[in-house]
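Let me begin by presenting the structure, written as structure tokens, before commenting on it.
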């Protein structure tokens, strides 16, 4: 590998999404533990924007960002695990489902947070006025459980990345920063996302995140 | 209850008579205060929901404020000796309630005072004042809970 070829994998929105997620999940955790609930709500609003953006980006983003590209059936997973699958840029067939699991857990996390009410009826999510106290408490309980699940999934994700780095000698962190990955064979053409798609996804996600957290009387 | 033997006979009999309901009481009083504080939380949610709206229904706030005021009076009697944490009793009440009775009484009185004052402010119909008073009332919850309640995950 004298001069390893590099090829485009992750578009800029995906990379920003990933690292913003890392920061905001950490910040949300800290702000909840220290009862900075105004900051916790703001962080939740930013996360709602990111999740909605990512779900739309999974439909209209660049090739490796799309669900249709990285969500594969059991045959593809088996072929990958037994080393018979050709290397493709982006999530591998198993990692794709891990991404979906994290996105789902995060959606439950943010979704329950919108309706959650604390035990004293003081702090609450932006949509909590739509539910009664007991339903809000239930949302809060699920909010706690789903965070544990999220922590486990993130732990597995980090372990898998370390496994690739240390055992398989393949750095997955670098491409998530630079957008480009080393390839051994010929580079594969990757479908780029259009600026219009980016504008649509940003606008939709931004509007929803603003609207959900806006004053209930608006 | 253990020192009845040291008392005179009539006093011991009286103590025994009292001990029967007392022996049954802790579980009941724990259930009473759990249910009571749940009502306080639900009432306070109603208040905060209205206050965060641009068109608060003041009658909802007033009813809820009176509920909280009434529970704030009752909670003075919700922590008799012997109703603290022990095996078989599920309670978030910390032992400090009984080991620091003066501090706990001060916190209880703080809640009662704020609940009374909030009910008065609510009755006045001034929403801006209600918003400020609700914050103070919430702080009186937090003051007591930080010291005397086992913290729940939020």
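The backbone N, Cα and C atoms fix where each Cβ goes, glycine too.
Caution: TrEMBL annotation is automatic and unverified by curators.
Looking at the stretches A:94-117, A:118-141, the one that TrEMBL records under the feature transmembrane segment is A:94-117. Ranked by Cβ pairs under 8 Å to the transmembrane segment (A:145-167), the stretches A:12-30, A:42-60, A:94-117, A:188-213 are led by A:94-117. Between the transmembrane segment (A:42-60) and the stretches A:12-30, A:94-117, A:188-213, the greatest number of Cβ pairs separated by less than 8 Å involves A:188-213. Long-range contacts of the transmembrane segment (A:188-213) within its own chain (CB-CB distance under 8 A, at least 6 residues past either end) are made by residues 7-9, 11, 13, 41, 45-46, 48-50, 52-53, 56-57, 60-65, 88-90, 114, 126-127.
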